[in-house]
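Student: Sharing a structure with you now.
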Amino acid sequence: MQLNPAEISDLIKAKIENLSVNAEVRTRGTVVSVTDGIVRIHGLSDAMQGEMLEFPGNTFGLAMNLERDSVGAVVLGEYEHIKEGDTVTCTGRILEVPVGRELVGRVVDALGRPIDGKGPINTTLTAPIEKIAPGVIARKSVDQPMQTGLKAIDSMVPVGRGQRELIIGDRQTGKTAVALDAIVNQKGTGVICIYVAIGQKASSIANVVRKLEEHGAMEHTIVVAATASEAAALQYIAPYSGCTMGEFFRDRGEDALIVYDDLSKQAVAYRQISLLLRRPPGREAYPGDVFYLHSRLLERAARVNEHEVEKLTNGEVKGKTGSLTALPIIETQAGDVSAFVPTNVISITDGQIFLETDLFNAGIRPAINAGISVSRVGGAAQTKVIKKLGGGIRLALAQYRELAAFSQFASDLDEATRKQLEHGEVVTELMKQKQFSTLNTAEMALTLWAINNGSYSDVPVAKALAFESEFLSFVRTQHPEVLEAVNASGAMSDESEKTLEAAMKSFKSSYAYQA
């Protein structure tokens, strides 16, 4: 067999054309110093802000300070094995975490790695933890309710899908309990919940997971945990990781709810990192960008319109809006809401629920101060029946508090004032609710209806809650069609009201009430 020179040159040309060279250029640097999880690196001239850096031993870090002749990076996890002179490599990637339906029902760390002992998570999708929030054009106004199942919240400070509602209060005032009730209440609604635990004891997080499992809520929940014993860097990125996992559902035309418990600890972790990076401290020793730390996180909770969902899913999902509702938690010191981080988060969110130690200790739980708790956008999202019946509740409580303050100095009260005080006491009593005993729309409407039409005027305050629970059971067994109609339509018809009036009369004359 003979090959002529032309054929040989053609073969060589073809080989050269088809040759694929996978050369990857990566910048390498050298560790100059390692202290408290902060590494200074020389030689990474083209590192990006927030880029992942690879250290020896399969450890990663984040480039945070880009200086003239060095890079300040924070190590994500253990750093004891990193020493001076080690080689550090740029990865050319921003930090990404796993996302997808496979995460639901699992407990993961801030990097999305499973920590619940249930084996690996089989998801191939990842998304960057830092994303730009949806723009004004991509959003849709909040007009669908996100029911928490708590009478005090759903009637007075309603939360809508896509809203950011702050839960603020001192330690041990029931902030986590309110958030967990909201998560448990989403069972069967199709809402995916993400609970982000930041800087908490591992035992507390295990307790939360156990409670969620007991109430069947882990089936629709992802728990992201960055415990108190973990590196400050992981506590700092945990909320962003959780938010990215929630955005996966929002961008596919679904609804998600995320709880950040709590952002005060994230701010402290970020302050620690910033001070170790030698960034200039500001008020309360926090860095200058601590407002941006929370605003860029909370702005990602939004309701996106149909066009945006269609664009994000490449036309797969049409005619559906998606939402991510955020319930950030802030812990105050001795009720000081004018501190730096609380005022920042109050100004970012669409309303706040204030929980007070005095109310909690007085047995009013959830310990919500109705006077200073507000929902700036939730009113438009409230269910019709709750909006109609709950309108007078806040007013009744406000008048009661004012009159109660004056009545301490007055010896004799006129009949009208006395009645108003009694009504206020009953309303206060009925706003109490045990943890994990959430109510659906119809059950809540029933209680509010009974308050509004004066059914509790002859019920002693001490027996009000027992009366409410007995009456609910009575209606459930005798008139289930009324509850079904209210739940289906979100409104109470005249016919339903007449049925309830007759039911109340019959219940009051029955043995159940007398007992």
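Using N, Cα and C of the backbone, Cβ positions are placed for all residues, glycine too.
Small disclaimer: the values here were computed from a predicted structure and weren't measured.
According to Swiss-Prot, the protein has these features:
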- Gly169, Asp170, Arg171, Gln172, Thr173, Gly174, Lys175, Thr176: ATP binding site (BINDING)
- Ser373: site 'Required for activity' (SITE)
Student: Starting from the Cβ of Asp170 (ATP binding site), draw a 10 Å sphere and report how many other Cβ atoms land inside it.
Tutor: 18
Student: Given the binding-site residues Gly169, Gly174, and counting only Cβ atoms in the protein chains shown, which has the most within 10 Å of its Cβ?
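Tutor: Most Cβ neighbours within 10 Å: Gly169.
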Student: Quick one, of the binding-site residues Arg171, Lys175, which Cβ has the fewest other Cβ within 10 Å?
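Tutor: Each of the binding-site residues Arg171, Lys175 was scored by Cβ atoms within 10 Å; lowest is Arg171.
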Student: For the C-alpha pair, I'd like the distance in angstrom between Thr176 (ATP binding site) and Ser373 (site 'Required for activity'), rounded off.
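Tutor: That separation, Cα to Cα, works out to 17 Å.
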Student: Cβ atoms within 10 Å, counted per site: which of Gln172, Thr173, Thr176, Ser373 has the most, among these recorded positions?
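Tutor: Per the Cβ count, the most surrounded site is Thr173.
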Student: Work out how many Å separate Gln172 (ATP binding site) and Ser373 (site 'Required for activity') at their Cα atoms, rounded off.
Tutor: 18
Student: Can you list the residues of the same chain, besides Gly169, Asp170, Arg171, Gln172, Thr173, Gly174, Lys175, Thr176, whose Cβ falls within 8 Å of the ATP site's Cβ centroid?
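Tutor: Sorted by sequence, the hits are Glu331, Leu355, Thr357, Phe360, Ala367.
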Student: Tell me the Cα distance separating Gly169 (ATP binding site) from Ser373 (site 'Required for activity'), rounded to the nearest angstrom.
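Tutor: Rounded to the nearest whole number, the Cα-Cα distance is 11 Å.
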Student: In which DSSP state, out of helix, strand and coil, do we find Gly169 (ATP binding site)?
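Tutor: Where Gly169 (ATP binding site) sits, the three-state DSSP reduction gives strand.
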